[in-house]
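According to TrEMBL, the feature GTP binding site maps to 50-56, 78-80, Arg352, 378-380, 462-464. Taken from TrEMBL, the feature IMP binding site applies to Asp51, Glu52, Gly53, Lys54, Asn76, Ala77, Gly78, His79, Thr169, Arg183, Asn269, Thr284, Arg350. Residues or ranges marked as Mg(2+) binding site by TrEMBL: Asp51, Gly78. Under the heading active site, proton acceptor, TrEMBL lists Asp51. Feature annotation from TrEMBL assigns active site, proton donor to His79. The annotation active site is assigned in TrEMBL to Lys180. Positions annotated as substrate binding site by TrEMBL: Thr346, Thr347, Thr348, Gly349, Arg350, Pro351, Arg352.
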Amino acid sequence: MKPILLKKGHKQFIPFQIKNQLLYKFASSITPDKDIIKENVVVVLGTQWGDEGKGKLIDQISNQFDFVARVQGGSNAGHTIKSGNHKFAMHLVPSGILNPKSQCVVGNGVVVHLPTMFDEIKSLEAGGIHWAKKNLKVSDRAHILFDFHQQVDGMQEGQRAEKDQIGTTKKGIGPCYSSKMNRENLRFCDLVDIHKDPKKREDFFAKFKLIAGNHMTRFPLLKVNLQEELEKYMNFSRIMSENNMISNTVHLINEAIDTKQKVLIECANATMLSIDFGTYPFVTSSNCDIGGVCTGLGVSPKCFKDSFVIGVTKCYCTRVGSGPFPTELFDETGEQLRKAGHEFGTTTGRPRRCGWIDTVALNYAVMINRIDAFILTKLDVLTGMKEIKIGYKYIYPDGSESTVDFPADLRKLENVKVAYKTFKGWNQDISKCKTFDSLPKEAQDLVLEIEKLTRCFIKYIGVGPDRSEIIIREKN
């Protein structure tokens, strides 16, 4: 059934069900933004420990782009997008899939668990996104994450002493990247046509048995049904072949950039979880930063000369799992943030640790990623709080201080004392505010101080959970 246009010229639609008939209701998107429109490549990345709300912005602006690409990580990441009466929890499929005009790309840097990806596609199709398969391209160089990677992830975490547990999502990300770095894993180019080519099927199965066997040797409790797995992946091969879902995305993205098509790049996780720049070892297994864009898509840093980098941060801070968290709250205020912000993991359902915003960490993220502008999310969550704080300076045991330097040594980080600036709260409902000036003065003061401390313009402000509840600012 074709989309019903409610008004001429509308480009974005939200699906909803009425009496089992698929209709499309127009959804007001944010006003096209000149900084976004003029740039050829736009990167959206998290600046904290993840869960900042990247998906909402990507969904909002994706109708201005020809391509929306995911570059790293796996199903350990999660975006929840509210679209009309539907909520879509996406872990592998790029958030831009809700826009029928965008071609979505899963880059070579992503590790893909196909059962999860097809569960997401099924959910999207049930919600009216019937173009999900057609508009999704997976890199032929991306690595396949198998079920046994997930099982091994849980076993490895169980072997660690309690104090050393990373807090992994047990989605198999680390073990799959290990298989990749050990040069023993299977890629999507190996999956192509195994449903109809006996020689390719034989090669795929032989390599799969070798990888699975190596893991079963290391983990005697691990059991893998080899024949069942082969049949499952033959079916995936057939579906992906029928829908032309496996592609040379390196060529596809570079050609798009060379021909001045517009590319929106979505980084999963966040800078403070980056394998190189985060709070190691309490991090993920990929580079969740600007460098991961180059290696995860196969593009040159020269592409960024015509780019715009948007950093996403909450107006407070959260993290899931173990690891240092300098501004963490252990009192009723932390619980208030958790409840008001619905801070439970999209992937795991685990309650997130909550604390005040940390501009020392934000300054570090700005420096690494050369962020052009922030989107500050969930400002509405702070409504009703008497006092709101910003952690702006680290004071170390030796008396030294820093507002920009984020230490690599976790022992040093765990012993910092955080200096705070305190602001008055507000009680007004801000979810219907459409301009910065319409916000309560107390909210404006908070935003301007974060901007001052990070020396980075806050261009977007999230004031509610709905996709339209966002304010755009212009520089004076």
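Cβ coordinates are placed from backbone N, Cα and C, and glycine is handled just like the others.
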Whole-number Å value for how far His79 (active site, proton donor) lies from Gly349 (substrate binding site) (Cα to Cα): 13
Among Gly349, Pro351 [binding-site residues], residue with fewest other Cβ within 10 Å: Gly349
Sparsest-packed of the listed binding-site residues (Thr80, Asn269) - C-beta count within 10 angstroms: Thr80
Close in space, distant in sequence - Gly53 (GTP binding site), Cβ under 8 Å, 6 or more apart: Val312, Lys314, Ile375, Thr377, Lys378, Gly462
Residue with minimal Cβ packing [other Cβ atoms within 10 Å] among the active-site residues His79, Lys180: Lys180
Using Cα positions only, nearest of the binding-site residues to Lys180 (active site) (Gly50, Asn269, Pro351, Arg352): Asn269
